[in-house]
């Protein structure tokens with residue numbers, strides 16, 4: 001493929017940008033001008049049906065969610081080491097398999113530790 | 001490379017030992033684990049081996065640095081008997097984290113591939129972030145943990161960008177590969193390489209707290225629980241300088257003329273800031289933080305004047321510094337706990353008033369460690385400074401030598417404040433009690449300091 | 001049948017000159033540094049640090065595919081895994097502080113001063 005682009009090659013991008021912006025602006029103006037407007041207490045609530053709203057979105061969430069989130073990030077990211085191994089499974093052979101079993105064993109040891117510590121107990 | 005594997009496994013074992021009802025076994029088990037790792041370290045003595053697909057390289061120098069690190073860790077753990085009585089403490093986790101951080105330190109000491117340098121730095125640092133904040137309900141400890149974490153992660157980012165640029169310039173992460181690139185392109189070295197060296201050095205100097213990247217050190221050392229401060233200022237510093245030495249002496253020795261001037265300027269700045277600011281402190285722990293900055297300055301002299309003597313000087317100096325620092329913190333821990341004032345533990349200079357009369361042993365241990373840190377003859381610290389200054393003289397960098405000698409006279413002033421407080425001031429009458437094992441560790445450290453001071457040739461010829 | 005003009009990922013990466021990658025990742029890195037130095041919120045400082053790490057990842061990938069050398073990509077794996085561990089510890093520290101002082105403004109942390 002050719003690596004050098006002329007400025008005119010970017011014209012489609014500009015047209016696309018203009019179209020996208022134009023569509024958004026037009027729809028916003030049109031809906032505001034032709035739609036009927038009725039205002040009431042119920043209408044202005046964030047949720048029209050369901051339980052009444054309490055406080056704002058900045059209320060602290062239970063710390064349990066946070067712990068689960070941290071653990072998820074940890075275990076989730078360690079899985080990336082499985083990808084190169086899976087791609088190269090045949091080439092790495094038995095040695096690779098043993099090493100991966102060791103790696104997963106260490107992760108499982110950590111997981112068992114978490115359970116014993118009671119981190120995942122919800123109540 | 002058995003110690004790395006052993007320490008990792010032992011760390012996990014310790015975590016699970018924490019589920020046992022009794023905490024009595026933890027301390028002896030940790031000590032045995034560290035000794036086992038120390039014993040296996042010497043299996044490679046006298047040989048040069050590459051391990052783990054050429055990721056790590058052990059030689060006598062790496063083994064000596066590993067020994068210093070493990071010895072410091074052994075003494076710090078031996079001084080930790082107070083955890084057993086503390087209800088809040090989680091000794092199993094502290095010990096496990098200490099062992100994990102030792103794994104990181106050994107990787108930093110013996111890396112051959114920059115990937116291992118990065119992973120080692122991170123294993124060491126992440127464990128230390130947690131330990132810095134281990135006193136969960138103290139705002140000071142919290143603050144220390146956050147500052148250490150943010151600054152440490154920032155430094156890692158800078159170091160990584162340097163490594164990425166080095167990779168771009170040379171196409172390899174292997175330390176000796178970078179060396180051969182530098183030699184084959186002696187006149188047309190890419191600009192990326194220079195940028196990479198600068199950023200990598202900045203990142204590493206952050207970790208060893210050299211000026212002007214030292215500003216986090218006093219706060220972090222002050223807020224961290226005393227025992228872990230001792231660990232931080234000995235193990236982390238030794239491992240950091242071992243890593244700096246390896247990368248400078250192997251990879252970048254071909255472009256010595258590029259970096260030595262900058263490093264010399266930073267060395268002088270570190271010595272100046274560390275020593276002069278230490279004079280104005282009222283807290284002993286904060287003084288020790290500035291003192292650790294100034295010792296980073298002395299160690300940097302050895303790197304600036306990189307030569308054949310540098311290895312030996314660095315090993316000797318870090319050993320002398322670690323021994324003296326640990327015994328100083330050991331005495332501080334006992335004294336501050338038993339002489340509390342309204343703010344909890346008293347870590348100021350006046351806590352030591354009259355200590356030599358109530359407990360002559362503690363007074364003597366502290367006096368020897370202060371003399372060693374100040375570099376007075378007949379202690380290990382004197383010969384450490386002597387060897388470091390010799391490297392500078394061999395290289396003919398006399399101005400740095402004059403400046404360093406001047407700064408060590410400033411150092412004498414603040415180290416002697418402690419000795420004066422202990423021997424010539426009146427203090428509280430109640431005696432300071434010390435547990436027997438604690439006492440043996442302090443005595444051993446003091447004897448080692450004095451033996452190395454009388455016979456500095458003991459370590460000669462090992463590297 | 002696959003269309004023949006499909007390009008491999010390294011070729012795709014190499015369609016952009018190497019200098020551009022260098023400039024973009026340096027810019028990202030500098031934005032990260034500025035964020036660390038100027039912001040007061042611990043979480044935002046932390047996000048800036050992550051930005052710095054990702055700048056490094058981008059640079060390593062670009063160098064790695066230009067040199068046809070896999071070591072750079074392996075390093076990226078390590079950076080990602082280690083960064084996750086760092087995130088976990090860092091967030092735990094921030095939560096611990098929030099529990100004690102009900103704020104994550106680093107300006108409020110001034111118990112330790114020289």
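Cβ from N, Cα, C; glycine included.
Annotation source TrEMBL lists transmembrane segment at B:24-42 (among others). Sequence-distant contacts of the transmembrane segment (B:24-42) (same chain, six or more residues past either end, CB-CB distance under 8 Å): 2-3, 6-7, 10, 13-14, 17-18, 63, 66-67, 70-71, 73-74, 77-78, 80-81, 83-84, 91-92, 95, 98-99, 102.
Residues 3, 27, 30-31, 34-35, 37-38, 41-42, 44-45, 91, 94-95, 98, 102, 105-106, 109-110, 227, 230-231, 234-235, 238-239, 242, 315, 318-319, 322, 326, 329-330, 333, 437-438, 441, 444-445, 459, 462-463 of the same chain lie 6+ residues outside the transmembrane segment (B:62-80) yet bring a C-beta within less than 8 angstroms of a C-beta in it. The transmembrane segment annotation in TrEMBL covers B:62-80 (among others).
What TrEMBL records for B:92-109 (among others) is transmembrane segment.
Summarising the annotation, TrEMBL assigns domain 'NADH:quinone oxidoreductase/Mrp antiporter transmembrane' to B:113-408.
Away from its own ends, the transmembrane segment (B:115-133) comes close to residues 55-56, 94, 97-98, 100-101, 103-108, 141-142, 144-146, 148-149, 152, 156, 159-160, 163, 173, 207, 220, 223-225, 228, 231-232, 235-236, 239, 243, 247 of its chain (Cβ-Cβ under 8 Å, at least six residues beyond either end). Summarising the annotation, TrEMBL assigns transmembrane segment to B:115-133 (among others).
Annotation source TrEMBL lists transmembrane segment at B:145-167 (among others).
Sequence annotations record features per position, and here TrEMBL assigns transmembrane segment to B:187-206 (among others).
Panel annotation: around the transmembrane segment (B:227-252), residues 61-62, 65, 68-69, 72-73, 76, 79-80, 98, 101-102, 104-106, 108-109, 111, 117, 120-121, 124, 128, 131-132, 134, 175-176, 178-179, 182, 197, 200-201, 204-205, 207-209, 220-221, 258-259, 285, 288-289, 292, 295-296, 299, 303, 306, 310-311, 314, 318, 321-322, 325-326, 329-330, 333 of the same chain, lying at least six beyond its termini, place a Cβ under 8 Å from a Cβ of the stretch. Annotation source TrEMBL lists transmembrane segment at B:227-252 (among others).
Within its own chain, the transmembrane segment (B:258-280) has Cβ neighbours under 8 Å at 194, 197-198, 201, 205, 210-212, 214, 218, 248, 252, 287, 290-298, 300-301, 303-304, 306, 397, 400, 403-404, 407-408, 410-411, 413-414, counting only residues six or more beyond its boundaries. According to TrEMBL, the feature transmembrane segment maps to B:258-280 (among others).
Feature annotation from TrEMBL assigns transmembrane segment to B:287-308 (among others).
According to TrEMBL, the feature transmembrane segment maps to B:314-335 (among others).
Annotated transmembrane segment per TrEMBL: B:361-384 (among others), in sequence order.
Annotation source TrEMBL lists transmembrane segment at B:396-416 (among others).
Among B:145-167, B:187-206, B:287-308, B:396-416, B:396-416 has the largest number of CB pairs under 8 A with the transmembrane segment (B:361-384).
Tertiary neighbourhood of the transmembrane segment (B:92-109): same-chain residues 3-4, 7-8, 10-12, 14-15, 17-18, 23, 26-27, 30, 33-34, 37, 56, 62, 65-66, 69-70, 73, 76-77, 80, 83, 116-117, 119-125, 127-128, 130-131, 134, 231, 235-236, 238-240, 242-243, 246, selected by CB-CB distance under 8 Å and a gap of 6+ residues from either end. Long-range neighbours of the transmembrane segment (B:187-206) within the same chain, counting only residues 6 or more positions beyond its ends whose Cβ lies under 8 Å from a Cβ of the stretch, are 151-152, 154-170, 181, 213, 240, 243-244, 247, 252, 255, 258-259, 262-263, 266. Listed as Cβ neighbours of the transmembrane segment (B:145-167) (distance under 8 Å, sequence separation of 6 or more from its ends, same chain) are residues 114, 117-118, 121-122, 125, 128-130, 132-133, 173, 178, 192-193, 195-204, 206-207, 213, 216, 219-220, 223-224. Away from its own ends, the transmembrane segment (B:287-308) comes close to residues 208-211, 214, 217-218, 220-222, 229, 233, 237, 241, 244-245, 248-249, 253, 256, 260, 263-264, 266-268, 270-271, 273-275, 277-278, 281, 314, 317-318, 321, 325, 328-329, 332, 349, 373, 384-385, 388-389, 391-392, 394-395, 397, 400, 404, 407-408, 411, 414-415 of its chain (Cβ-Cβ under 8 Å, at least six residues beyond either end).
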